[in-house]
Amino acid sequence: MKTLLLTLVVVTIVCLDLGYTLTCLICPEKYCQKVHTCRDGENLCVKRFYEGKRFGKKYPRGCAATCPEAKPHEIVECCSTDKCNK
């Protein structure tokens, strides 16, 4: 009986862990509230900052599998918890 109970506990823990999906903010505005569920393999939230020539400051956000390299005059921040790219 103890073996069966232990097996059920282990299976439950494994199944709960497999079902986790990261959520990140996804919008270009400075103050963002739009939440997006990331796809499998996208384990990071990303926030970029740059100043556009025509439309001012931009703050694109989203999900990523790897942290992208910053382009010239750009700041990139990556994190791995839900909605951490504020």
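Backbone N, Cα and C atoms are what each Cβ position is placed from, and that goes for glycine too.
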*Could you identify, going by Swiss-Prot, the member of Cys15, Cys27, Cys45, Cys63 that forms a disulphide bond with Cys38?*
Cys63
_Disulphide bridge to Cys78 as given by Swiss-Prot, partner from Cys45, Cys67_ = Cys67
*If you have Swiss-Prot open, could you say which of Cys24, Cys32 makes the disulfide with Cys27?*
Cys32
_Among Cys32, Cys45, Cys67, which are recorded as disulfide-bonded residues, the nearest neighbour of Cys38 (disulfide bond) by Cα_ = Cys45
*Within 10 Å of the Cβ of Cys32 (disulfide bond), how many other Cβ atoms are there?*
18
